[in-house]
Amino acid sequence: MAAPLALVLVVAVTVRAALFRSSLAEFISERVEVVSPLSSWKRVVEGLALLDLGVSPYSGAVFHETPLIIYLFHFLIDYAELVFMITDALTAIALYFAIQDFNKVVFKKQKLLLELDQYAPDVAELIRTPMEMRYIPLKVALFYLLNPYTILSCVAKSTCAINNTLIAFFILTTIKGSVFLSAIFLALATYQSLYPITLFAPGLLYLLQRQYIPVKVKSKAFWIFSWEYAMMYTGSLVVIVCLSFFLLSSWDFIPAVYGFILSVPDLTPNIGLFWYFFAEMFEHFSLFFVCVFQINVFFYTVPLAIKLKEHPIFFMFIQIAIISIFKSYPTVGDVALYMAFFPVWSHLYRFLRNIFVLTCIIIVCSLLFPVLWHLWIYAGSANSNFFYAITLTFNVGQILLISDYFYAFLRREYYLTHGLYLTAKDGTEAMLVLK
C-alpha cells in the first residue's frame with residue numbers, strides 16, 4: 001500500500017504547487033470560506049512584521065494565532081508554501097496509519113464477537129471482510145488530500161491546516177495506545193484552537209478500552225487511569241502555555257487568542273453561524289447569546305460519551321464534525337477533516353436515508369458561496385441575508401448529514417444483535433425508529 005499512498009501524495013503536492021504558482025492563489029487567500037480572522041495568513045504576516053519591529057504581535061486587534069505559530073513562521077516564512085504542503089501530507093499519513101490500525105482492532109473485535117455468538121444469525125451480510133476494509137486507509141488519505149476544501153485551505157495558507165495535523169496525530173497516537181503522546185497532541189490541538197478539548201472524552205474512552213479497563217463509576221482502575229491521563233493532558237497544556245509566556249514575556253496571547261475565540265468580537269462573515277446573529281443583535285444581549293452559541297460545541301459531549309462509550313472512534317468523528325459546525329470561526333478546512341472519515345463508515349451507506357440530497361445541498365452551497373458574496377459585496381444586488389441564508393443551509397446540511405450517519409451507525413449496531421429482519425408481536429415486519 002506504500003506505492004498507492006506515495007502516488008496520492010505526489011498528485012496532491014503537484015496540484016498544490018501548481019495552484020501556488022497560479023493567479024488563483026491570491027484570490028483563494030481572500031475567500032471568507034477558506035480563511036477566518038483566526039487562520040488568515042495575512043494576519044500572520046502582520047503579526048510577524050510587528051514581532052520584527054520589537055512590538056508584541058498582540059498589541060493590535062489583528063493577530064490572533066498562538067505564539068508557537070508565529071515563532072514557527074518567524075524562521076520558516078520563506079518556506080511557508082512548503083510548510084503547508086508538508087502539513088497536509090503529514091495529516092494524510094497520520095490518518096492513513098491511524099485507520100489502518102483501527103481496522104485491525106475492528107476486525108479482531110468482530111471475530112471475537114462472532115466466536116462468542118454475540119451476533120444474530122441472519123446478519124452475515126453486515127459482517128465486514130478484510131478485502132472490504134483493505135483500501136479504506138488509502139481512501140481516507142485520498143479523501144483528505146484531494147478534497148477541494150483541503151486544497152483551497154492549503155493554497156490560502158490557512159493555519160487551520162496545522163490544527164488538522166495536530167488532531168490527526170492525536171487520533172494516531174490514541175489508536176496506537178500511546179497515552180503520553182496522545183495527551184501531548186491533544187494539549188497542542190487545544191492550545192491551538194481550544195475546541196479540541198472536547199476530544200478528551202473519546203480519547204480517554206478509547207485508551208480505557210485498549211487497556212481493558214471497564215468504564216464503570218465504581219471501578220478503581222477507571223478512576224486511576226482517567227486521573228493519570230487528565231494529569232498528562234493538563235500538565236502538557238500548562239507546559240505549552242508557559243513556554244508561550246517565556247517566548248513573549250507576556251500573557252497578552254491568552255485574551256488575544258482564547259478570549260477572541262470565546263467572545264467572538266470580529267464579525268467578519270464566514271461559513272459559521274455566529275457572525276450574522278451578533279451583527280444584528282443589541283449589544284446588551286450579546287453575552288447571553290455568546291454563551292448559548294458556544295455551549296453547542298460542549299453540550300453534546302456528555303450524552304454522546306454515554307451513548308457511544310463502546311465506540312469511541314465514531315464518537316471522535318461525530319465530535320470533530322460538531323466542532324467544525326459550531327465553532328466561532330469555522331472554515332472549509334475544518335469541514336475537510338471530518339469528511340476524510342467518510343470511507344471509514346462506508347459500511348453504513350446502506351442505512352443512510354438522505355445521503356444523495358444532503359450531498360447535493362453541500363455541493364450546491366459550496367458553489368453558491370462565492371456567487372452570493374459577489375452579489376452582496378461587489379454587485380450590490382444582494383445583502384447579507386442572502387449570504388447568511390446559504391451559510392445556514394450549508395450548516396443545516398452538515399447537521400443532517402452527521403445525524404444521518406449517527407442514525408445509520410446505531411441502526412446497524414441494533415441489527416447486529418437483534419437480527420436484520422425484525423418482526424412485530426403480530427408477526428408483521430417491524431420498522432426501526434430512532435427516538
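Placement of Cβ uses the backbone N, Cα and C atoms for every residue, glycine included.
Both Leu352 and Tyr421 carry the same topological domain label in Swiss-Prot, so the record keeps them on one side of the membrane. Within the same chain, residues 28, 81, 84-85, 88-89, 92-93, 96, 138, 141-142, 145-146, 151, 154-155 sit at least 6 positions outside the transmembrane segment (4-22) and bring their C-beta atoms closer than 8 Å to a C-beta of that stretch. Counting residue by residue with DSSP, the topological domain 'Cytoplasmic' (346-354) contains 6 helix, 0 strand, 3 coil. Long-range Cβ contacts of Lys216 (cardiolipin binding site) within its own chain (separation 6+, distance under 8 Å): Phe222.
Contact count against the transmembrane segment (332-345) (Cβ pairs under 8 Å) is highest for 159-178, out of 79-99, 159-178, 195-205, 287-306, 385-406. Within the model, the topological domain 'Cytoplasmic' (407-435) carries an average pLDDT of 77.
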